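What TrEMBL annotates here:
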{"type": "BINDING", "residues": "D:Phe40, D:Ile41, D:Ile42, D:Val43, D:His44, D:Arg111, D:Thr310", "note": "substrate binding site"}
{"type": "BINDING", "residues": "D:His296", "note": "heme binding site"}
Protein chains: 4
Amino acid sequence: MPKNKDAVYYSDYLKLDTLLSAQQPHSPKYGAEAHDEMLFIIVHQVYELWFKQVLHELRAIHADFSKPQLDDKALYLVAHRLRRVLTIQDLMNDQVAVIETMTPQEFLEFRDYLVPASGFQSIQFKELEIRLGLTRKTRIAFDQQSFYNRLNEQDRNYLEELEQQPTLFDCVDDWLARMPFLEFKDFKFWDMYQAAVNDALDHDETIIRENAADEEQLHTELAGIQANRDNFAALFDNERYKVLQESDAVRLSQRAMLSALFITQYREEPAFNLAWQVITSLAEVDEKLTIWRYKHAMMVQRMLGTKIGTGGSSGHDYLRRTTEQNRVFKDFFAMSTYLLPKSALPELPERVKAALGFSSLSALEKGDGAA
Amino acid sequence: MPKNKDAVYYSDYLKLDTLLSAQQPHSPKYGAEAHDEMLFIIVHQVYELWFKQVLHELRAIHADFSKPQLDDKALYLVAHRLRRVLTIQDLMNDQVAVIETMTPQEFLEFRDYLVPASGFQSIQFKELEIRLGLTRKTRIAFDQQSFYNRLNEQDRNYLEELEQQPTLFDCVDDWLARMPFLEFKDFKFWDMYQAAVNDALDHDETIIRENAADEEQLHTELAGIQANRDNFAALFDNERYKVLQESDAVRLSQRAMLSALFITQYREEPAFNLAWQVITSLAEVDEKLTIWRYKHAMMVQRMLGTKIGTGGSSGHDYLRRTTEQNRVFKDFFAMSTYLLPKSALPELPERVKAALGFSSLSALEKGDGAA
Amino acid sequence: MPKNKDAVYYSDYLKLDTLLSAQQPHSPKYGAEAHDEMLFIIVHQVYELWFKQVLHELRAIHADFSKPQLDDKALYLVAHRLRRVLTIQDLMNDQVAVIETMTPQEFLEFRDYLVPASGFQSIQFKELEIRLGLTRKTRIAFDQQSFYNRLNEQDRNYLEELEQQPTLFDCVDDWLARMPFLEFKDFKFWDMYQAAVNDALDHDETIIRENAADEEQLHTELAGIQANRDNFAALFDNERYKVLQESDAVRLSQRAMLSALFITQYREEPAFNLAWQVITSLAEVDEKLTIWRYKHAMMVQRMLGTKIGTGGSSGHDYLRRTTEQNRVFKDFFAMSTYLLPKSALPELPERVKAALGFSSLSALEKGDGAA
Amino acid sequence: MPKNKDAVYYSDYLKLDTLLSAQQPHSPKYGAEAHDEMLFIIVHQVYELWFKQVLHELRAIHADFSKPQLDDKALYLVAHRLRRVLTIQDLMNDQVAVIETMTPQEFLEFRDYLVPASGFQSIQFKELEIRLGLTRKTRIAFDQQSFYNRLNEQDRNYLEELEQQPTLFDCVDDWLARMPFLEFKDFKFWDMYQAAVNDALDHDETIIRENAADEEQLHTELAGIQANRDNFAALFDNERYKVLQESDAVRLSQRAMLSALFITQYREEPAFNLAWQVITSLAEVDEKLTIWRYKHAMMVQRMLGTKIGTGGSSGHDYLRRTTEQNRVFKDFFAMSTYLLPKSALPELPERVKAALGFSSLSALEKGDGAA
């Protein structure tokens, strides 16, 4: 442990000399200092620090999922760290309120000195998107090719190198696909399940027929039901599932999709609880990211109206674009389409439960535990 | 003042017997109680209580703006109450997190018993939208004609009656249009202003030409600039302004638009500060309402996937629809398009300031005050 | 399922006629309506609705813990519902910002008409405190005997009846005490543990001796260390533990305290993860309740200065009192006093793990699973 | 404006190389990296960035108040920037949730490597407190002399130099004291006011006598009323006011206190509205700072139990200490003690209003404006 000569000093430990020297407004070079440029710089630097922390967590999570086998302690840590990422995202979303205390007029005092810098050039944010698994296609649409091209050599190489590696999405897909939920010997889960979902869809159809207000609505909603029937059938038909994937209707592999469904259905079972927390958290990461892009885009529009941004993009375009909301884990988000109410759910046979080691804590209580 | 015999008892004052008797889950009628139906009811009831409070404030604000003349104390109250509305909206937006603690599966336990009730049927929320000035056209698109038709007699009449009256938007427009900002005798503000804005647009054009990454971007951005030039020119041309209005490009009357611009430019002048707070707050009410619809729609999609809602609508459709974001006060929101940096802004002549009674508090300090 | 004749109407389902008829300001009876009395009523009614929801969750949790044996699904639900309670508490804490939009002067317009009603008379809030396990002694100190006496017959009886029953604290204590963590056959966990904690305390003592800035600090801190040594020793000594309990230094039973320590140390093990989430959440419920009381008290002081409240209490007194912060689960909160870093923690023997059914999900992956 | 050769690159503008090189965990020097040390560093660095921004605003505000005369535009900016400070404080208070995602055990993995660094050594936070006007006496009590002594030469000198200058509190006091609200010629405001406040206190006394539940409460509350009578009388008696100041019962000068009262009473008058916003915001800065200290202290206690902190302080002591809540602007916070309801408030004579230039915007509307 540290002797007194190694006594740590707060500002040294936090490298405050370095940290607090990194705010260098440009406005003074062009005349009077624009008071609010400091806010602009610090708000963006805080975002970059949070991006670094989120990447710190995502890299650790990514590394765990990259292992051939994810043990339960690792799974606990993944769930724990995803919750931390979500907490940071909430803060980042609320932080938009701080930049909104700058009026458009105050921004105009220094906007010109930033051209053509743009938030699109945040390498950490791009790594965050790539690492999660945002596909190049969608990402480019977001970033506008033109800006992407304008990244410096080093940054572009870093990102392109990164794109060669399996993403967190890929690793999560593999992990789910490894689960043996399709091979329960005599327990015919998937037969029961398909029957139950079909009943549920018939039931929805009845609701529609009885409550549709007019022909047009009836038509639309029945078409929706039919689409769900087709998609659902495809879950159990390799050929049709491929079609869904190619049309971007689903992204998960077929096995992974079914495992995710199984885990979501039985999330209350201790063996599945952490896995379900992970699945849900990944969907929430997407959701909060979408909210962030959305609030951010509204802030840009408010700041610039239909004027061009410092990077030459118009807030308005960006707003339209962002609302297409490209989510990586949208399959988890839409999982509920095929969920059954607990009442309609086949109980897991004791044999299966036992095999899953479901006893855990209550086993101890019952006394057939560790004593 | 109350004698002791009139002593007020907390639960009587708050009518808690009535309030707490209003949670009547339907699931028990169909079998076991669904534990989470209580949450579903209470979350919606809390929203309705907040809607009532927001309407309480908006009606008072609306009444003040309906007067032939808005005095300064009234303006203070309007600004004060709009800030309250915004605070409540922040809470309503965060409240989505509470309903999100209900899993899709938990919702399925009682969803069927609610059919075909739908949040679209909240009369208070509709009044809120109508009162602000959401046009029937947009509102219907949101609500889906079919549901609107399904309102009961009384509710439909109430709303249709309301639609006949001038909205808050109309009153705010009148108030702004009454301002004499176009008739400063020898002070040629608008000439200077137009010259300055044109310089700013030329300047943006230069930025684009120097920084455009490729032909395509250059083309798009220059088209954007030209559109701004046309819109701006129209601000001073009755005929062309009418065209903008008919195409929904702007909604404010021409005079109101120019007054809003003037107030925004000179918001730091005491005489304009409250008015500017009001303008900004109205834009924020819109913005937070959009965020609420957006978060709400994502929650619905998460709860139902592409399943139909209790009202037969699919969360997915709604999500697409809501992102078109129909804002009432979008002209205030986009005001920044024509804003000038303070440096480029003509100083108000002393004569004008005097006429506006700009001295106020600092006058007192200087001693030429009330003594 | 409901036929169309049973079609549910939004406002009927939510009993809006009843709900929205429960706001009856008193000011009109005494002259002009005080605009802000509506806010005052609605803010308190929203709190009461949230109290009802929180009680709905706590009663279910309480019922589960009252069972002779808590199975794992129930434990999942308890953790899930406590997270919901925490989410609601966050919202309740933020809600203080809404009432703070009322100025003291606006409150004065109707304060007299409320006398002597007081938030201290919220029966639901009292039930919440009693059910959690706030002892009558502390609770009275909070409520001020005088007001408690002033409750009506029915309310007082309800609460006194409730006080006769075992609280959530009692049930959680029993549940923890039932765990067999003290009887691991040949695995001498507690010996290793005591040795490790003593090393840690020696280590802290060294830190102090090396870094104390002056004699006074040295003295104080060493006294602190000694107190920790004594408390820690008492954990393993029935007689001395009783003394700690009688002095209110600890509240949990000795067995429960040790179980909680064990679970906290090994929370990453799947079998303990949910139990640890429950323990942590209970400490957070306390923490957020304290924040709520604190913010609420500051709001009262701000509204009344040192004036008396509608119930005759001065905000200032209450503020002082609340900061004594009576927490029910403070033992969980202070658990960290005796925590060991993972590095210093004895690894659980495979035999013990097996008995705890630790394989769960990773077992499946390895293939020794359900197939 | 910048030519293309000066094209600004996002990461250069934000000095990201510097910023992102400042996170240097110590744990790797002692063995394996503690994953969560990064979170610990980044959370504190973000706080320091926000401290820098808050200081940026406070210095500008402080400079404006230091001028012999504060003009109205400056007053607008002060109000605007204080709102920004409050928005940042809200974010800082919510940020506690991020560090709380670190478990006590995770903290233990690297706590020893930080000794004896301590958040007490944040120079920016100390400057913030000193600049606002926290007196050395109170501040030391907070900081613990011992740590203050341990600051390095440079830091201690910087703070001691700062302590020689007039604080923001001093400047605000001077500004308020300069107002001529005591010398309205024939308008006997203060006579009317004293009469009205005495009526209000008599009224409170009646309430108490009629509603006191028992002798003890009656006694306590009547004593409270008497204290208010004495304090109030002292507002108009130089000698007795001095006594209040010496006993720390009040801090503002007598003239400043009366000006603040006058402004608070007439805040709806346009001439006073901005001044009132400033007064209120300063009280809120204090309030949010207190909440921050409080949440922070609870987090420390949760992290360490009664263990010593990295600086040798026990979270528990700090918690007790912080709740004494030393507020700089507590006189504004307690202003409500002497507030009158609008109904009891003497209307300002037209002559006075005119002199204050109260017409402003509504004057324009009426047409006696700038045209």
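Using the three backbone atoms N, Cα and C, a Cβ is placed for every residue, glycine included.
In TrEMBL, annotation is done automatically, which means it is predicted and not curated.
Where TrEMBL records a feature, it is marked here on the structure.
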residue	record	DSSP class
D:Phe40	substrate binding site	helix
D:Arg111	substrate binding site	helix
D:His296	heme binding site	helix
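Counting other Cβ atoms within 10 Å of each Cβ, the lowest count among the binding-site residues D:Ile41, D:Ile42, D:Val43 belongs to D:Val43. You'll find the Cα of D:Val43 (substrate binding site) roughly 12 Å from the Cα of D:His296 (heme binding site). Cβ neighbour count for D:Phe40 (substrate binding site): 23 (other Cβ atoms within 10 Å of its Cβ, all protein chains included). Long-range Cβ proximity for D:His44 (substrate binding site), meaning a same-chain Cβ under 8 A and a gap of 6 or more residues, is found for D:Gly119.
The separation of D:His296 (heme binding site) from D:Ile41 (substrate binding site), Cα to Cα, is 16 Å. Contacting chain A by the Cβ rule (under 8 Å between Cβ atoms), the binding-site residues D:Phe40, D:Ile41, D:Arg111, D:His296 reduce to D:Ile41. Closest to the residue listed as 'heme binding site' in space, going by CA atoms and restricting to the binding-site residues D:Phe40, D:Ile42, D:Arg111, is D:Phe40.
Around the Cβ of the residue listed as 'heme binding site', 21 further Cβ atoms fall within 10 Å across all displayed protein chains. Within 10 Å of the C-beta of D:Arg111 (substrate binding site) there are 22 other C-beta atoms, taking all protein chains into account.
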